[in-house]
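Below: one structure, written as structure tokens.
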């Protein structure tokens, strides 16, 4: 081996080169110098096809001479850069080392991070978030929707603020009948409503097939109200009698399937109470409320009232009628009528309940009806028999209105 003097350039013969560990530290014999050079280009996995190794007369680069000239015979430029990375950039110190430095695998590309300009991130930033909770009261057939607050809403007015309110819509269903809304809060992008809206007449079947659409809108006195964002919750995600809390990013407006909406549209529902009173010797029929009634007027509402008949009615004296509730599709009546009749005769009777829309100067419009009695089926039959079997006990049930009543005169 030729020793280097001060100021002279080190020279190593090829024989010595093939028998020396070029890494700093004690000189150790090795099998072949190529063990310390990557056999694949930077960035490719080890299974990639190896590049052609450098010719045996290519001079090796020691850590002390990483900045020295490279041999023109070494055509694998990428391999040389990898060597610089492995032996130079990783800082091999000139001190003694217990052994040869291991070959570091090529750095893995960083994992994809969420795109700050992506759809979800953009909606959360531009449209805002909404906090609310839902509770299905199975015993009372009610869905309670508590709208808590919103944060970071999109500015809609010239002053950089908005006048937000929240609108609820049960899908599928008649538009006006299934919509509820909160109060409007003025000049804020972070409104706090803490308001509970309730849908009545919700059945287990509704919880399986319906979806709650929650929209945040900006109220405008001089123009149409503007849409800010929405979210949708399939009701089948809720457990009966358990409150579920949500904090959701608002999304852009989604289309409503009008065909499906129309095919599943109902005439409405009615909550009826039945009780046979031993004291009054009669049947007490309570008209509690209606929900999701069909709109019969041009303004998208109805002016509903309810009529009841106990048939057969030879003397035609069994007709009772509630008061008219103006401009509503979810009227609350809380009226009760008494039919004097022996308990044993009820098995031969049929209770007919019909809902009407009151119109001034023309015929009233039939909205829907329901018949309870021995010839009824399903829940209507069960409700009637439960009343007969449980004297002096008030039994309330929701019933779906139909647009046809067998044997009924559908005119008022």
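Each residue, glycine too, has its Cβ placed from N, Cα and C.
What Swiss-Prot records for 1-36 is region 'Negatively regulates targeting to plasma membrane'.
The feature region 'Disordered' is assigned by Swiss-Prot to 38-123.
Residues or ranges marked as compositional bias 'Low complexity' by Swiss-Prot: 49-73.
Sequence annotations record features per position, and here Swiss-Prot assigns compositional bias 'Pro residues' to 95-108.
Look at Swiss-Prot and you will find 112-123 tagged as compositional bias 'Acidic residues'.
In the domain 'C2 1' (126-250), helix, strand and coil residues by DSSP number 10 helix, 62 strand, 53 coil. Annotation comment: Swiss-Prot describes 126-250 as domain 'C2 1'.
The feature Ca(2+) 1 binding site is assigned by Swiss-Prot to 157, 163, 218, 220. Close to residue 220 (Ca(2+) 1 binding site) in the fold, though at least 6 residues off in sequence, lie 156, 163, 226, each with a CB less than 8 Å from its CB.
The feature region 'Mediates interaction with STXBP3' is assigned by Swiss-Prot to 257-375, with similarity to another entry given as support. The predicted model assigns the region 'Mediates interaction with STXBP3' (257-375) a mean pLDDT of 89.
Look at Swiss-Prot and you will find 297, 303, 357, 359 tagged as Ca(2+) 2 binding site, backed by sequence analysis. Residue 359 (Ca(2+) 2 binding site) carries neither a helix nor a strand DSSP state and counts as coil. On its own chain, residue 359 (Ca(2+) 2 binding site) has 297, 303, 365 as residues at least 6 apart in sequence with a Cβ closer than 8 Å to its own Cβ.
Per Swiss-Prot, the feature Ca(2+) 3 binding site maps to 297, 357, 359, 365.
Under a cutoff of 8 A between CB atoms, and with a sequence separation of 6+ in the same chain, the neighbours of residue 357 (Ca(2+) 2 binding site) are 296, 297, 302, 303, 304, 364, 365, 366, 367.
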